[in-house]
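I have placed the structure first, in the form of structure tokens, so that the comments after it can refer back to it.
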């Protein structure tokens, strides 16, 4: 009977209880409990009969104190119905947690006897594990949550050190945090500092960026209380950006990093939370989501790395003891797309591993649709060798982790030597339903069939009892065995009539010492599903307890001679119950204890020492790099010294050296093996000639920070269509694709390692590893004939491509058009996308929805190319459905933050407008500034948009050789544009003279046409160069050097060192470059720029140019050399090379001190005409490549490349030391960029510090360093943090005034566009620069506030009015203070102005204080001064009480004095200025004349 009265009494969903079998002696006691909803999160408290589970539907939690026989609902406080998750503490058998909804949670410290509630002001994070546990102190836990306000969410991490009695905020915006001591074994055997116990590592976003590639790993030993954390020195003590997450594995802590423009990962490992090392995987590439950290040993890490594109197979690696060098164990391991690997270590026994591998791996590598044939393998020597599983003479194959059907381990348990699995014999593994249950009681050496069909199984009483339940369908029986599976009995489950269950879980206590089991299953009852929790107890079936004769000494491992085998220096034995013993062990909660016998040391007890790796044959350890000789040794190369043998005993290995091998005994080594002696100072040169006269193009496939290897790959296509590749930066070249006609090379736009080589037929090749290997692919059509790229690349998915090919273009009479196809596996399979397109592009996923499949296409309207109407359409499902955004566009551009569309107008037909989107779904018309005078908008150039604002060049004059336009800048969503700079030069191809400085945000240079009026009349253009340091809000001329490189003064003069129209530095820009890659700046050389130009009123022809350099981001310049040079940066700016431009030469100039001094070097015996100088795009290499032809006497024909290698130079032969904790202690200093018009050193509202090598230090930077060290003080807002708002324009004094006759944007729109908005502000003419981080100070864009409709209550709470007594004092106190000050001044007038008396002491003088001519005016004046000082507060208070709100930025009144003559002249009737007494925000102090004001603000 179902005891329904229990339901009514308990008020729970517990619907049934206690069906008990009648038999006791010949069958187990079975109790059934029925639940309405599926039980989830079931677990035992270790070493107890206490079991817990959670109702999977209604949030209730249940506990059983008798191993599942009876269940009670946990009804504590408000817990009932509120459980979101239930989990045990993984390392404390007394603790568990109920994580609730709404920030309420509960903890037990006594195995669910009592519960304590704690609250958190955040919801649980859906992105991270909610709880993070300390490995050795169970009271230390971190909780990872998320706090949302509307759509804005901030991740929060909390911590407790007292088991949630108190809870503290650790940090906000932490993406993932972990304790340094994350496992019980971490640090064992090491003398770790005490602070490591408190150490926490957190992955946080970059200082200037939210992109994952800029993530940093910070740590703190003080819970981030007194510091913002120290950046972990992962790579030789240097910080590494792009940290994805951390993970722990027994004795090791790991951090995975990924650089921008690659999907290759670097894995860094530490065993002490201080010293990190990069893990080397024997040449194997590790990619994102392509490795799995497996259950590791106490002395090594085991990692499975994906080895195929489809993630179907991997390679198993095992590390040395410190986790730095990994060796291959077995290839072609079976894995699935979720990262699960068919791998399990046999519990409690060292060295035995079960894996599944793919037998037909060659076929699987060729095609992802081939079905894998899986075979099982076992290792008895810790993965060194593997062999088949044997059931008799047949090979046995078992289902493993990738298709596990039960909780916990798949094959083994703490029961010594007992291993079970579902599988089959034969050539390979079949379906699960075709499998039978097999068992081994000798740890996998021999197997036999236990039961037919697939079963779930579990071990109890240290293996004395084995329980199995049918797992191919429904059942009402269980099977059990008392003799290691030799024979089996069945027991019926006391379920209601005709009820059978499908087994979901079969489990017992974690140590497998109990005679009690729990089975969870479900059964269908009409349309409902019923759930049962079944307790199975064997305790009463066998009364006898085992004694000594019932046990055997069982060896855990046997060698090939069936003798006990050694591992880690000992043999392992267990005292195990004999299979046929008629007894139970009955030692509940006592884990089996192994016994060890020591062995003599063999080769297997040693590993490679630090800085050594296994030789190719695996028999010896060879140096991984040049060895370091002991101090005082190796005075001569032929000397010898005593050093490491290359081996060391594996830490923890207990072998006996006496009488065994001693591979770690020091040996005598020759000094020639040691680190090379200091370089002799030579620069190496390698010249290569080609038959072609010139190169058509070249590309670098550059390694990133997380890439393995040391190659510097260059690919060149010559003027004769020949393809050459060099892996060592042009020292040696190899021709590739000799038999093919490659017509174009398309490097992947987003991944450095990838390039495609295309032909006109549609056949092609690609490389994924920077030219190390090439693979063929076949496109569905030949490339399109629209002179557009055939390939479009996905920003995040390396293998996703769109191919735009030509159809019906072979002269067959059809209508030639382009058709787009897509692939998600690099062309192995192509799928139709759209017909009659011009081009299609993937859209970057970040901030633009959750779909990776967003594609934008330009398609001819009605699929009719003759209409010339291009539609902009998009889709998120490969155009199963599509959305039309615009019907008649000219083009569109996808940028990092915006999608910008040029839309054809209807009247007139050749006009254009602009549409903008930030999410790829919703477009808005761009509001262009009315003060940009454009008769017809005919051309736009979309410029860089990495600073949360888009820059557009809008053509004003489109006549050939007279082109120029306006540079306009958007707000943060790209829709509202303001004029940034007028008359910016462009050429006939649409390129503009505008360039942003690399490595430093907000600095840009542009060339303007200085004689616009004359150009409109047909005159030639004259140019000036302008620079901005606040992202286009203000522009100035370049300050010229005081003297030239020869110490002579220039023929013009500045005003106080400031440039004037008649005397400034002007540089040749983008439109004059042969190669647009030759930029002023470098991402690696922060703050340095080089250009060619002249000092004077205008830019002169390039033939008369000299070369100039700046080291402070353009604030000051100096002449580097007379004449025009090509330049290139190397080693992040520690090497700068100059080569004459357009002049034959044998020599080059180089500088090792940022251009302060130069040395000449001859690189050729014959003069050469150098066409270009190049290096890797990041400018981190010490190699350069010259491209040119010999032209002097003795010349050789053809193109020549010259590799210039500075790595052997003495001054660049030692790597610089960068200590993240003390960044200025060694070879680096911290450089702070500044704004030229800001005395406080602030730039974009903060002070940033960048690592820069000290120029005087003789060392090299090496791989790309993380230049940005920190963001220091956040500055108060000043005028430099604002730009003119829409329909406002800058005046000569720096203020912003409304354009006559135009209205500002409707400020109330914020209320409709943002549902969370409480208030709107009246327009002031100013808006914040999107890039600024300033806080407080001058809020020029927020002066007078008004409530949004229906938000008056929230507005009132934010800005409470003064009422009653508050209002009274606000009025009376200022007046009283004024009177008091006036009276005081009157009383003390005699002492004012330091009056000097010349012997007369009498009073009554004309100017005596008692004179009515003095006393009355003094009192009046003093009172006016005091009242004038206090009245702004009074007026502000009264105004607020009337409903508005005025934020007074300074101590001035609402109507301010004029700051200059220019401001007085410019003020309009509707303009209100805001000026602070201490800092004139809207103008310049004491400008000499209006011209200087113009120059300062860029209005020329």
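Note that Cβ sites are derived from N, Cα and C of the backbone, with glycine treated the same way.
Annotated in Swiss-Prot:
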COMPBIAS  1481-1494  compositional bias 'Acidic residues'
CARBOHYD  298  N-linked glycosylation site
CARBOHYD  322  N-linked glycosylation site
CARBOHYD  810  N-linked glycosylation site
CARBOHYD  973  N-linked glycosylation site
REGION    1481-1500  region 'Disordered'
REPEAT    438-449  repeat 'BNR 2'
REPEAT    724-734  repeat 'BNR 4'
TOPO_DOM  23-1364  topological domain 'Lumenal'
TOPO_DOM  1386-1412  topological domain 'Cytoplasmic'
TOPO_DOM  1434-1500  topological domain 'Lumenal'
TRANSMEM  1365-1385  transmembrane segment
TRANSMEM  1413-1433  transmembrane segment
Would you kindly list the residues that approach the repeat 'BNR 4' (724-734) from elsewhere in its chain, counting only those six or more residues past its ends and only Cβ-Cβ distances under 8 Å? 686, 688, 690, 711-718, 770-772, 1175-1176, 1181, 1183, 1185, 1201-1203, 1205
In this structure, the one of the glycosylation sites 322, 810 whose CB has the fewest other CB atoms within 10 Å is 810
Tell me the coarse DSSP state (helix, strand, coil) of residue 322 (N-linked glycosylation site). coil
Counts of helix, strand and coil residues, the repeat 'BNR 4' (724-734), according to DSSP: 0 helix, 5 strand, 6 coil
Helix, strand or coil at residue 810 (N-linked glycosylation site), per DSSP? coil
For each of 298, 973, count the other CB atoms within 10 A of its CB; which of these glycosylation sites has the top count? 973
By the DSSP assignment reduced to helix, strand and coil, which category contains residue 973 (N-linked glycosylation site)? coil
How many Å lie between the Cα of residue 322 (N-linked glycosylation site) and the Cα of residue 973 (N-linked glycosylation site)? 49
Return only the integer: C-alpha distance in Å from residue 973 (N-linked glycosylation site) to residue 810 (N-linked glycosylation site). 45
Residue 298 (N-linked glycosylation site) sits from residue 810 (N-linked glycosylation site) (Cα to Cα, rounded, in Å) at a distance of 67
Across the repeat 'BNR 2' (438-449), DSSP labelling yields 0 helix, 5 strand, 7 coil
What average pLDDT does the predicted model assign to the topological domain 'Lumenal' (23-1364)? 88
